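Colleague: One structure follows; several queries about it will come next.
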Amino acid sequence: MDQENLTMVTEFYFSDFPQFENGSLFFFIPLLFIYIFIIVGNFVIFFAVQLDTRLHNPMYNFISIFSFLEIWYTTVTIPKMLSNLVSEQKTISFIGCLLQMYFFHSLGVTEALVLTAMAIDRYVAICNPLRYAIIMTPRLCTQLSIGSCIFGFLILLPEIVWMSTLPFCGPNQIHQLFCDFEPVLRLACTDTSMILVEDVIHAISILTSVSIITLSYLRIITVIMRIPSGESRQKAFSTCVAHITIFLLFFGSVTLMYLRFSVTFPPILDKAIALMFAVLAPLFNPIIYSLRNRDMKDAIKKVLCSPKMFNVSGSQ
């Protein structure tokens, strides 16, 4: 009888979403506009890089890949959040929850690796400019991009497979805005000490990326400060400002979310951190890259205003 009870839970319930009559529309509308902006903004950046030959270099290729990943990263969670805000049944199947966790974190790890590749690219460009074309070849950039995706989607598989074997016999209420490792693991009817192992694995992977990126940019800033010409120094620094800002937003929210170990936050703060991690950080990506870079702004204007785009759409 006990074994039968261990397999009873087939879906989870998101208990922290307000009911429609209790003002969920107040959250639904801004979240919908934010999601649309993220999708449209990142698609525009992606196509701007692909269509403008002046941007066919490693830096912008990494930016376009990061923007493409952001589209799917937010699509894994935000549509379900929107559905939970207007639906009476705020549930997700067990398999659906595992898939949401897998794709959300796999895309997140891939983004972290792409940000690391971007930092390495800027390090070589500024600290070793004479050898930049020799080192950052198209082949290496392709290998870094594909390798980031493969590693990002493989590293999470053992965790997801392990979680799929755990017994869940109730309760089934997830106290978070989306399926995440710790909230789901706490619902398992078994020893949850493995949560600490999960925290250690996440901490090692996060700190490794943060260390590489931080050391790269510290070295970059040191080299920039030694440039005698103020104009050249400003130009060199401006190419890194957007990357550093995205790095701080992304890893700042990741740190608050996953490097706290046994520290518990009040529920409202916990939800705010989750929103910053899954929604607000991706929101600023298209804003930062479109406003901080003149070449990107010119390319975006061409994409949005080019008559060829309308002729192509009209001929189809």
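Glycine residues also receive a Cβ, built from the backbone N, Cα and C atoms like all the rest.
In case it helps, TrEMBL gives these features for our protein:
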- 41-289: domain 'G-protein coupled receptors family 1 profile' (DOMAIN)
- 25-48: transmembrane segment (TRANSMEM)
- 60-82: transmembrane segment (TRANSMEM)
- 102-120: transmembrane segment (TRANSMEM)
- 132-157: transmembrane segment (TRANSMEM)
- 200-224: transmembrane segment (TRANSMEM)
- 236-260: transmembrane segment (TRANSMEM)
- 272-291: transmembrane segment (TRANSMEM)
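Help me see these features in their spatial surroundings.
Modeller: Residues belonging to the domain 'G-protein coupled receptors family 1 profile' (41-289) score a mean pLDDT of 87 in the model.
Taking Cβ pairs closer than 8 Å, the transmembrane segment (25-48) reaches residues 18, 55, 63-64, 67-68, 70-71, 74-75, 78-79, 81-82, 85-86, 279, 282-283, 285-287, 289-290, 296, 299-300, 302-304 in its own chain, all 6 or more past its ends.
Residues 17, 28, 31-32, 34-35, 38-39, 42-43, 45-46, 49-50, 92, 100, 103-104, 107-108, 110-111, 114-115, 117-118, 121, 141, 145, 177-178, 246, 278-279, 282, 285-286, 289, 295-296 of the same chain lie 6+ residues outside the transmembrane segment (60-82) yet bring a C-beta within less than 8 angstroms of a C-beta in it.
Same-chain residues lying 6+ beyond the ends of the transmembrane segment (102-120) with a Cβ under 8 Å from its Cβ atoms: 59, 62-63, 65-66, 69-70, 72-73, 76-77, 141, 144-145, 147-149, 151-153, 155-157, 160, 178-181, 205-206, 209, 212-213, 216-217, 243, 246-247, 250-251, 254, 278.
For the transmembrane segment (236-260), same-chain residues at least 6 beyond its ends with a Cβ under 8 Å from one of its own Cβ atoms are 59, 66, 108, 111-112, 115, 118-119, 122, 125-126, 199, 202-203, 206-207, 209-210, 213, 217, 220-221, 224, 227, 273-274, 276-277, 280-281, 284-285, 288-289, 292-293.
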Colleague: Which residues, given as numbers and ranges, are at least 6 beyond the ends of the transmembrane segment (272-291) yet have a Cβ under 8 Å from it?
Modeller: 31, 34, 37-38, 41-42, 44-45, 63, 66-67, 70, 73-74, 77-78, 104, 176-178, 180, 242, 245-246, 249-250, 253-254, 256-257, 265, 297, 300
Colleague: Grab the same-chain neighbours of the transmembrane segment (132-157) for me: Cβ-Cβ under 8 Å, and only residues 6 or more beyond its ends, written as numbers and ranges.
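Modeller: Same-chain residues near the transmembrane segment (132-157) but 6 or more away: 58, 61-62, 65, 102, 105-114, 117, 120-121, 124-125, 205.
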